[in-house]
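If you look up TrEMBL, you'll see C:6-26, C:38-56, C:62-82, C:94-115, C:143-159, C:190-209, C:215-236, C:243-261, C:267-285 marked as transmembrane segment.
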Amino acid sequence: MIRLEKRPTPSQAWTVLTPPVAVLATMVAGGLMFAALGKDPFEAIRTIFYDPLFNDQFAAYSRPQLLVKAGPLILIAIGLSLGFRAGVWNIGAEGQYIVGALCGAGVGLAMYPSGSVLVFPAMVMAGALGGWAWAMIPAILKTRFNTNEILVSLLLVYVAEQLLASAALGLLRNPEGGGFPGSRNFQQWPAAANPELITGTGMHWGVVAAFVAVIGAYALLSRHLLGFQIRLTGAAPRAARFAGVNPTRLVVICLGLSGLLAGMAGLFEVTGPAGQISIDFGSGYGFTAIIVAFLGRLHPVGILLAGLLMALTYIGGELAQFMLGVPAAAIQAFQGMLLFFLLAVDVLSNYRLRFGTREVA
Amino acid sequence: MTDTLLALDGLTKAYPGVIANDGVSFRIAPGEVHALLGENGAGKSTLVKMIYGLVKPDAGRMALRGAPYTPDRPSEARTNGVAMVFQHFSLFEALDVAENIALGMENPPRRRELAASIRQVSHDYGLPLDPARLVGELSAGERQRVEIIRCLLQNPRLLIMDEPTSVLTPQEVEILFATLRKLSSEGTAILYISHKLDEIRALCDAATVLRRGKVVGTCVPRETTAREMAELMVGTTLHTPERRHRENGETLLELRGVSLPAATPFGTNLHALSLKVQAGEVMGIGGVAGNGQDEFLSVLSGESLQEPGRVFVDGVDIGALPPQTRRSLGVLAAPEERLGHAAAPDMTLVENALLTGSVREKLAPHGLVNWAATRAFAARIIEAFDVRTPNADVAARALSGGNLQKFVIGREILQAPRVLVVNQPTWGVDAAAAATIRQALLDLAGQGAAVIVISQDLDELMEIADRFAALNAGRLTDPRATAGLSLDEIGLMMGGAHDMEVAHAAQ
Amino acid sequence: MAGISIELLLASLMVAATPILFAAIGEMVVEKSGVLNLGVEGMMITGAICGFAVAVETGSPALGFAGAALGGAGLSLVFALLTQVLLSNQVATGLALTLFGLGFSALIGQGYVGIKPPPTGSLDFGPLSDIPLIGPVLLRHDLLVYVAIALTAAVWAFLRYTRAGLILRAVGESHDSAHALGYKVVRIRVLAIVFGGAMAGLGGAYVSLVRVPQWTEGMTAGAGWIALALVVFGAWRPWRVLLGAYLFGGITVLQLNLQAAGVRVPVELLSISPYLITILVLVVMSSDRRRVALNAPAALGRVFHASS
């Protein structure tokens, strides 16, 4: 009989070890899943985790993709992690990502075909504001009407997806696009484009923003009183009120920041890798970022690493799809499994396993 | 009473790092009222949990009426005639009295019959109860009645009562004792757990004293002085805090008609509280749990805000100021619940020092936390209040109740408050730590601060307070000087047993 | 409003409401036991594909629904293991369930895109179904519509009149008190979670086998989240949850009919109306904090660990 015994103080070692253990467990379970699909598990795991970085044939294409995919994941996850730490559950980052992209693209297209250097910064601002505003809906409903932010932020994703479809078909459709849905391609408009900054690296402004966000969040959480208040509110809400934390303000800040970052991520994506507003622009980054945030233990540095790893599963997944015929959905299930294992192993940072003597509980 | 109902023989139970019970043996005869005496942490709760089937002993035997008794779960204990009234209630606020009682029975009758027998039994034992009321709406004393009735309906042979009087007024205690004596005369044995020596001397036939998990003595309470029992329990001679001579200072804190609607469905509304506390004074606020103590503290700590003109410190209206601004004015507080309110359980002591210390100790200038200074502040608290901890980086939850309480009280006192409000400062704290804390509060008042001590421990208030007022259903009585105040008068201030009379009238 | 038959509208309302009614009643029981399982969407979509696959492979819709209930319950067991045994955060675990469910269902569903499932027959009430209005609206449905209503009644009676129901409510109210009285908190919660999973699975299969009926990825389209909102709307009471599900079904059907009828309202606005109305209803129901605190199970979402 195994039972759990609460540790007096959370284990530092397990806090760091949990994600790697979860990744290993996921590889094993994922391997079994691939085997069940009739694929060689070792080859599948190697294709996902190794080939994108080191295979002579694919690495040249795959390596830059790592930053391209990790950028938005990290940017969004950093924002989410602040809220998750405070017990504010924004799970509608996908919607904020879409609305950010729509607002930024809309502002940009209104200035078409200006060549001003201000076009791109204005779009970034508009994107950030759009994501922020979309996140303010659950924030205000939560603080004014006590409405559950989880459900509202999530339901707004479906609303945002409809807005996206509507914009791609109507308002933002490329007038020179021959009637096809989708906006103008920003990559072909230098003033609004978010290009690869250093050739062959995948580095674009969104990746830069992600790195800045990592550093900013690190400083906020470790050195600033606001960061302390965020952690305190998540750890002990009543103690936070006693300490003088204003819960309304904290909800607005956390949701606002995460919306802002998700909106920026959307804008960088639409002006960069995606290129245009299209019906299938929403790529699920907003949801995968939730996994990234948890896998990174809600810690900025952890999120940086987790974002890179999760980006690898995307690229490796595509590669496995192309090379081995592993279905795309398998990767999604694989990512979900990763979160399961993480949550399962997580118990070890706060509890010890005891074997033997049975306790009547 | 030569026969034995329950015999314990060498019961031992160890938890990681602590042996809760070490070879505990004693016997209880039918109809005997047996006291289990010991300080907080002496192992009383673990012992009764073993008797009630909630915890399994590592070693030792129990025998009930001569037959081996090894309850695997509480229902087994109940079918064997062992019932228990919990210290922290085992009740459900959103369910009604009858449902609560049914949950504690093995084979409850149909609802209508159950309601009838609840009325019957509660009337017979002088503990009136309405089966249809929601438990959340009941006072602490009435809730205890629910627990007792739940036990009585099963005709127990042994009734375990864990600190039953901590939620009662002195008058209600008398009624409870009458009930218990009636039960005992009918042959029900009672295992009575307490650390209140006068009660034990008034009620119990025999006493077993536990210290650090071991039986350190037995006695017949009626033939033993309270002081002898106390020394047996604590192991050393107790130090009584020194009261200093006090001169009347000027009014430092004033409440003018403070009212507050309850924040939770079963909370207490505060009604027009008025109070003046002088510099250098210890003001004691008594009352049974759940009469507005938490709400009262929240009005002073700033967790609940007031309209202008209600709360003044030094003539400054602070009623609408948030907690941190109040701290900058020297108004500090230490809530009752240590884990989760006064301190964040999962955060380190350093972080918990920052929790209230950031303003007055200037630990976060311009919002940037100075961790070195915070660490030094935490170290000062640990040093000055003898907090037993390996270092300042352990989580608050790792500390024992007494040590964490010393940390919490110390954190506020070291910030040199002008007004300090504490709720239940020594609840669940061992005697030595309690003495330290009480002395520190007296010293603080001696330095000219106004100290408000909210407590359900009347002995504590009589020991350290200059004046006494009671909270009763969200109302505050006029304060009176503690010198010369009798227990009866205090009881009446706390509401006496008025709800009993009302309930009797309703029958 | 030309071209919209009231009879047809009401009849399809019942069909549209049934999947979310299944899921919401199941989730309500889970929440009554003090557990918040946000994975309803994931369990529904899993149920949708499990039910579809089993029905197609066996040719029996009945076996399909059984398979769906098993699939939903199976996934909910993962949630139960993580939250009740390994004490993980319920919010995060619920999200994981949804993310995994969406991927897992898409994986299984690959071979089933574009296939028509065996039809689920309507019940035959004989001449009763020819009664004007009542017949076409109420008495021409498949069995599952009535099963959902019957389950609502059963859950209501269970919670109100049975001892097991009382124990379930008690565990959701205070797991510490229930534990002190000797009730097996974890076991009771696991059972509730599995029931919720099976119900969500049934709801999902109703979408893929009856309502649509075919398989497409992500076809539950937020129904699980709406079911979660309905529990709040229903204030944790079965008949009010049913009312909420039917109101919601009505809105869905109405907006689809309006779209089909070419009413001069933007299609997008109509498509988002179910989500917006759900949000609106949540706001109205939540704004009275005291009432919510009174209705919601007090231990909802809290982690239980027997420490003594």
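Every residue, even glycine, has its Cβ placed from backbone N, Cα and C.
Note that the coordinates shown come from a computational prediction; the quantities given were computed from them, not determined experimentally.
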Cβ-based contact of the transmembrane segment (C:143-159) with the transmembrane segment (C:38-56), 3 or more pairs under 8 Å: no
Region pair the transmembrane segment (C:38-56) / the transmembrane segment (C:243-261), three or more CB pairs under 8 Å: no
Contact ranking winner - C:62-82, C:243-261, C:267-285 against the transmembrane segment (C:190-209), Cβ under 8 Å: C:62-82
Touch test for the transmembrane segment (C:243-261) and the transmembrane segment (C:62-82), at least 3 Cβ pairs under 8 Å: no
Within-chain partners of the transmembrane segment (C:62-82) [C-beta distance under 8 Å, separation at least 6 from its ends]: 37, 39, 42-44, 46-56, 88, 93-94, 96-97, 100-101, 104, 117-118, 144, 189-190, 193-202, 204-206, 209
Remote residues contacting the transmembrane segment (C:6-26) - C-beta distance under 8 A, at least 6 residues beyond either end: 40, 43-44, 133, 136-138, 140-141, 144-145, 148-149, 151-152, 155, 195-200, 202-204, 206-207, 210-211, 220, 223-224, 226-228, 230-231, 234, 238, 241-242, 244-246, 248-250, 252-254, 257
For the transmembrane segment (C:94-115), distant same-chain residues with Cβ under 8 A (at least six beyond the ends): 36-46, 48-50, 52-53, 56, 75-76, 78-79, 82, 214-218, 224
